[in-house]
Amino acid sequence: MLCFDSERMNWYYHVLARRPYLVVVSIAVYCVACIIVALVLNKLPDFSDPTLGFETRGTKIGERLTAWYNLLQETDHHGALFSNPSDLWERRRVEQGYVETKLHPNHRRRKNKHKNRNKNKRRKEQNQSSHEHHDVAQKMMQFKKRLKATSSPSPNLGFDTWIGDSGVFRDYEITNDSASSSLEPTRRTEQIEYGHNTTSVDEEEHQQRVQTKKSTWRLLKQAATLPTDGWADMHRRQPIEGFFCDSSPRKEYSHFVVQRIGPNATDSLFDLNGLLAMCQLQDQITEVPSYRAFCEPEMLTTECCRPWSLPNYAAMLANKSSCFDLTTEDVTSLHTLLLGCYEYFHDLKMDNHCNEIPHCRAPEECKRLNIVFNVLNFLTDFSFIKSNDSNVYLKYAMIFIPVAQSNRLLPLFHEWEDVELINELVEVVAMDLGLENELFNELLLTDVWLVSLGGTFVMASVWLYTGSAFITLMSCVAICFSLGLAYFFYAIVLEFEFFPYMNLLAVVVIIGIGADDVFLFLKIWHCVLTERFSNRCTLTTQSQSALPTLENSDHTESLENIMALTMRHAAASMFVTSLTTAGAFYASYSSSITAIKCFGIFAGTVVVTNYLLMITWLPASVSIMERLFATRMSCHHPMSIKLIHACKKSINRFCQMFEECITKSIMNYAYLWLLIFGALGASSAVIVFWYPGLQLPEKSHFQLFVSKHPFEVYSSLKQQFWFEKPLQAYENFKMHMHFVWGVQAVDDGDYTNPNSYGHLHYDNNFNVSSRPAQLWILDFCQSVRQQPFYKETLGMLLPNCFIENLIDYMKRRCIDDMDSTRKDRSPCCDAQFPFEPHIFEYCLPQSISNMYDTTFFRPGVAGPKFAEAPRLETEDYLGMSGNESAEYSTNGSFTPLLVKALVIEFESNVAYSTIYANIRQFYESVEHWFQMQLKTAPPELQGGWFTSDLKFYNVQDTLSHDTFVAICLAMAASLAVLLCFTVNILISIYAVLTVSLSIFNTVAVLILLGWQLNILESIAVSTAIGLAVDFSLHYGIHYRMSPVKERLAATQFVLSRIIGPTVMAATTTGLAGGIMMASNILPYIQIGVFLVVVMIVSWFYATFFLMSLLRVAGPQHGFLELKWPLWSKRSSGSSKFYERKPSQVIASEQLLTPTSSAIVELANSETHELESLNSNSLIKTISGIESAHALSSLPRDFEHSFQTMHECKYQTYPSTSN
C-alpha cells in the first residue's frame, strides 16, 4: 500500500500509537466472528475423495465431456430423453392408466371389491417386506448355497446323513421332517446386520429352532469321526462348510502381495520353504486382535473362514487340515496339477464356475474345486508358468483373506502396521484393502503435527530474532486469523462450495510468508530505533549521566513518530512481497482444472488477508509491547539476560563474517559467478524444454502416498496378476468415436464445483428428418468406414448408424402375404430413400422399437434420442413439422415424439492409452476429419461435435497448456511490479532474467527428482514464481535506492544490508518445508521438497547471479531510469540517508522496552538494510520538516505519562560497517 507514505495516513499512525488495544480487540472480534460464521453456515470440508476436482472444465473437450455426461444422465429412465420409444410410450400408458383409475374409482364390479382390496393389501405387504429385506436376500442366497443339499434324501441313507460337501447334516430322528425342514432356519426373513438380529421372533418358533440347531450341532461333532481318506471321496467332511467356506477369492476381498526376502530372495516362492513361510505369514495376518471382528465367519460357527492362499490350496489338495503339515510331495503334486492344466487356463477354457456349471472344456482334475483356476488367476503372478516350459518361477504370490474391502478396516490396518507382516523368508510388500481415500483423509489430519512443528520452528526463529515472546505469540495468532479470514471470504463471500484438500497446502506457504513479514516489520522497527538513538545521544560509553526527560529534548521522540516511519517503509515493502506472491497464486485461477482453480483463489486470499493483518494487527501488537513491557532498566542484569546478550554477540559476529565473505566473493569473483550460474541456467533450460523435459503423467491413478507405501506398491504390482489385468490392460479396449447432434457442447455449471455440471442445452436448429440431412447422414456413415482410424467390427451393430437400418426397415412390403392378418404397414413400407420428412418422423420410432425388441440386440448409447412433444389432435397431425412423430392414440389424440438428439458411434482401431502423444494424434486426426465433414453438412446438422474417452487426455492437455499460461501471467505481473518499484528498465530486465533462471533450475531439479507435471506440480511451478521473485525484488529495489550512484559502491551497499534478512527468510521457509518431508502422504512431501528447492535456488541466484550482474553491468548515474513526476516531487523533498554514527544514547521509558533496549545495546553493531521502497532514503531522520509534520497533532502531555529516569552503563560492540 503506497498510500502509507501519504500525509493522510497520520490519523492511522495516531490510532496505532494511542489506541493499540482498541485495534487489537476490534480485529480479534471481527476475525473470530467471521470464523464462527464460516464454520456455522458452511459445511466442514470433506476430503473423503482426494481426487475430486482433478478434472478439466471450460475447455473445448471439457465442455463436450460435460454435455455428453448430461446427455447420458438425461437418457436414463428418470430423464426426459429415451433411446427406445417403447419406454416412452409405456410410461405414457402407465400415466394414463393411473389417471383413469383416479377418475373412475368404481369401474370394477362390486362383487370383487373386497377381494381386490384384500389382494392389494397382501401385495402391498409383500412388496414392503421385499423392499425391507432386499439386502438380506443377498446374504441368504450365499447362506443357502453353503448349506445346499440334495432335494430329497436317498432311500439307502441312514438317519444321520451327511449330504454333499457343504457341511449340512440332517437329523431325521429328532426333527422328523422333510428334507427341507433342516433348512428352515435359513428361510427366516430376519433383518441381519453383521451378525446382529434386529427383529423379534415368536417364542415357540424360537425354541423349536434352538432345539433343531442343537441336534444339528451334535451330529456335526459326531461327523468328525467320518472317514476322510481318498481324493475321489467328494463327500468327505471339511471343517463345517468346506475348506474355504465353499467360496472362492474375489477382488472385493482384502488381499496381500507376498515376496521372498533374505539371502535367497531371488529364489522362487513355489517350494516347500516358501509355502511354509507363507503359511506362517498368513497366521500373522489373521492373529491380530481385531481380525475376528471383520472376517467372514462360517455360518454355523463363529470361526473365520480360511484365507485363500497357495499353501492352503496345497493342503486341500493333499487332504490335510493345516498348511504346516505340507511336505515336498504335496508341493510336487500341486506343481504337477498346475502344469498339466495350465494350457486349458491359458486358452480360456476355464473360469470361476467350472465346478458348478459343466461348461468348462477341461479334464475333471483341472475343474475340481476350482483349484487350478483360483491359483493361476488370483494367487500367482502371470509369469509363474509359461507355455511349453516345465520350469516355474514364482516371484509374487497373493493371499486373500475373508475380509471385505471397506473404509471401516482402518483399525485393522493399523494393527497390521504394528505387527510388521514379515518373517525370515517372506514379507508382505503390498496390499489392497479399499482404504486409500480413508487412510489419506486420516493422515491429512494426523500429519498436521508436522505443519505445527514447522510453524513452531518459524515462531522460535521469530522469538530469537525479536527477543519478544509477546510478539511471537501475536504473530502466530495473526497467521491463524489470516487462514480463518481467508476461509470466510472463500466459502461465504465468494461462495465456493468445493474445498479441495490441496488448499491445506496453503498453510505451509503462509507460515513462511507470515514470518517473513514479521521479520521485515521488526527489522525496520529496530533500524528506526537505532537511528533515533544514534542521532539523539548525550551519553558515551566512557561516561554516564542521568538521562534527560522529554521536556529537555530538542525533538520529542514519540511512539507515534516511530510508528509512522516504520509503517511508511514496512507497509510498502510487505505490499510488494504480498502482491507478487498473491499474483502468482491468483494466476492459477486461469487453469481449467477445478482443484488448481480453487487452490489459487484460496492461497491468494490467504496472502491478502495476511498482509492486511500485518499492517493492522502486528503494528498494534508492537505498540502494546512498547507500553506493556516498559520498565525501569537496571545495570545489574540477571545471568539469563547476560547469556542472551552473549549469544546475540556470537550470532552477530557470525553474521558479520558470513556477510563479509559473500560480499568479498561477489565483488572479487563476479565474472566467475556469472559463468557458473549462467551455465547452470542454460543446462536447466535444456533439461526443462528438451530432455528429459517436464513429462506429463502417464498413469490415470493419482498417487496419494509415498512410492514405498503398500497401497502404492500394489498399484504398481497389480498388473502382475491375471485377475487385475482385464481391468488394467487396455490392449483390447479401443477408443470409441461418438458423433453427437442436437445437443450443444455447453457447460453452464460451476467450474469451481466438481459436482455441478449444469443443464443439457438442445440445438434448436437440429433436424434430422429433412431430405438433405438423411442423405448426408448416410454418406457420413459410409465415409467413416473408409477412414484409416476406423476398425471393422464383426456382428450386428444396428444402432451405430440408424439410417441404414431404417432404409432396410422401409423396404418391406406394405401387406405381407405370409401374414395371416394382412395388416397394412403404410406408410412405413415400400418407400424410396430419402423419405418424406413426415414419413421419416412417423416410421423412425417404429424402426427403433422393433430393433430394441430383437433378442440379439444389445442396447448402447448410439441412435436417436426421443422426447415427448405436446399432444396434438388427429387433424393437427398433417401440420406437424420438424422432428415430431406419432405412434399411438388414446381418445382420438396422438402422442408425438421429437428426435431431440442423435448419436452415431463407431469403434476406432486406436487402443486406449494414457500416453499423451498417442491420444493426441487420434483426437486431432478424427477432429480434423469431422470438421471437414461438417462443412459439407446441411445447416441443420452443422452443430455436431465429436467426443471419446478423452477425460484423462483432457487433463494432460490442460496441464501442459495452462501451466505455461500461468507462468506467463505470473512473470508478467512480476515484471510490472519490478518496473513500478525499481523505476529502472535495466534492473527490471536483470531481475526477470534472474527469476527465469531460478524457475528453470527449480523445475530442472524437480524433474531430476522424478516429478511429472501433475496437478500439484502445476501449482508448484506457478507458485515458485511468486516465491522466487521476492529476493530479486529486494536486491533490485535497494540497488536503485542506493545513496551512491556508482556501480561498485551501490553493489556493496546492497550486499551489506540485504544478505541477512534474505538468509533468514530463506532459512525459515526452507526448513519449514524440510519438516514437511517427514510426512506419510505425497502432497505434503512434495510441497516440502518444493519449498526447500525454491528457497535455495532463488536465494543463490538472487544473491550471486543478480548481484554479480549488477556488479559487472549494473546501471549507474540514473541510466535507463524512469521519471515519474509524483515520485520526482517526493524525491526532491528529502535527500538524507541513514548513516551509522557513534552511539550516544538518550531514551525515554516509552522506548526502553525489551525491543528498544536491545537496540540501545546494539546501536554500534551491524545493522542490516531497511526494506524501503519508493524513497530516496532508507531511513529518514525525524528532523526538520518531517519531524514537525509527524508531531503536528500530538499533545506533548502524551509523553509525560511515560517519563522515567534510567541509568545504565552500556558496552560498545564492534561495528561491521566499512
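Here the Cβ of each residue, glycine as well, is placed from N, Cα and C on the backbone.
Bear in mind that the values here come from a model prediction, so they are computed numbers and not experimental data.
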Can you identify, from 365-385, 1058-1078, the stretch that Swiss-Prot calls transmembrane segment?
1058-1078
By Cα-Cα distance, the member of glycosylation sites ASN319, ASN388, ASN767 nearest ASN264 (N-linked glycosylation site):
ASN388
Fill in the CA-CA distance, ASN319 (N-linked glycosylation site) to ASN388 (N-linked glycosylation site), as an integer in Å.
29
ASN388 (N-linked glycosylation site) and ASN767 (N-linked glycosylation site), Cα-Cα, nearest whole angstrom:
61
Which range out of 570-590, 598-618, 670-690 gives the transmembrane segment (975-995) the most CB pairs under 8 Å?
570-590
Can you find at least 3 Cβ pairs under 8 Å between the transmembrane segment (443-463) and the transmembrane segment (21-41), where each pair is 6 or more residues apart in sequence?
no
Find the average pLDDT over the domain 'SSD' (430-624) in the predicted model and report it.
81
Please name the residue among the glycosylation sites ASN264, ASN319, ASN388, ASN767 whose C-beta has the most neighbouring C-beta atoms within 10 angstroms.
ASN767
Sequence-remote partners of the transmembrane segment (473-493) [C-beta within less than 8 Å, at least six residues beyond its ends]:
24, 27-28, 31, 34-35, 37-38, 41-42, 455, 459, 462, 499, 506-507, 510-511, 514-515, 518, 601-602, 605-606, 608-610, 612-614, 617-618, 621
So if I exclude everything within five residues of the ends of the transmembrane segment (570-590), which remaining residues of that chain have a CB under 8 angstroms from its CBs? That is, six or more out.
1-2, 4-5, 513, 516-517, 520-521, 524-525, 596-597, 599-601, 603-604, 607-608, 610-611, 614-615, 962, 965-966, 969-970, 973-974, 977, 981, 1018-1019, 1022-1027, 1029-1030, 1033-1034, 1037, 1171-1174
Under an 8 Å Cβ to Cβ limit, what residues of the same chain, 6 or more beyond the ends of the transmembrane segment (1058-1078), are close to it?
450-451, 453-455, 457-458, 461, 465, 508, 511-513, 515-516, 519-520, 523, 655, 658-659, 662-663, 1027, 1030-1031, 1034-1035, 1038, 1084-1085, 1087-1092, 1095-1096, 1098-1099, 1102-1103, 1166, 1168-1169, 1171
